[in-house]
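Report on the following structure.
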């Protein structure tokens with residue numbers, strides 16, 4: 001299986017993905033093997049249904065929101081490069097990356113990009129704000145029926161009240177960042193990928 005994965009991924013493609021995502025050659029090869037095993041249609045792309053077969057996503061209350069993050073607007077398939085680009089947001093920041101070239105593009109796994117990714121999970125209508133209704137939807141996904149609607153409403157109201165600095169009864173990206181400034185987002189939004 002590993003040899004099949006490496007033969008289908010051209011060296012030049014591997015180098016481009018490595019440069020773009022920061023993953024090592026062996027990580028890319030391993031993830032390519034995983035990608036091809038998920039690709040039930042064997043057409044070089046994954047569908048939402050392919051992702052829903054992943055047990056960790058199937059049981060995650062935000063699984064559908066995470067799956068949607070892999071698909072550009074209006075698309076229903078994702079190729080390997082798009083798959084890797086999204087996974088790169090979850091790659092831990094290595095010590096040697098903290099002093100990267102300031103003129104180069106910001107790494108996909110930077111604090112800022114991780115925060116943008118998390119914000120988009122909440123901003124369901126993509127209007128650059130998290131409304132009370134959007135916050136309620138996400139909270140409902142996370143807690144299910146274990147908490148009453150009244151309690152959830154109270155949590156949403158209190159969250160917005162604490163985060164909302166401009167009085168528009170919503171949370172902007174800037175306000176979202178401010179709320180999370182003391183949270184170790186780099187650690188909490190990281191998945192360990194084997195080398």
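Glycine residues also receive a Cβ, built from the backbone N, Cα and C atoms like all the rest.
Between the stretches 166-175, 176-185, Swiss-Prot puts its motif 'Nuclear export signal 2' entry on 176-185. Annotated range for motif 'Nuclear export signal 1' in Swiss-Prot, selecting from 128-137, 138-147: 138-147. Apart from 164, 166, 168, 175, the Ca(2+) 2 site neighbourhood in this chain, defined by C-beta within 8 angstroms of the site C-beta centre, holds 129, 163, 165, 167, 169, 170, 171, 172. Summarised by DSSP class, the composition of the domain 'EF-hand 4' (151-186) is 22 helix, 2 strand, 12 coil. One way to see the shell of the Ca(2+) 1 site is to take the Cβ centroid of 123, 125, 127, 129, 134; the remaining same-chain residues with a Cβ within 8 Å of it are 122, 124, 126, 128, 130, 131, 170. For the domain 'EF-hand 3' (110-145), the DSSP counts in helix, strand and coil order read 24 helix, 2 strand, 10 coil. Rounded to the nearest whole angstrom, the C-alpha distance between residue 129 (Ca(2+) 1 binding site) and residue 166 (Ca(2+) 2 binding site) is 12.
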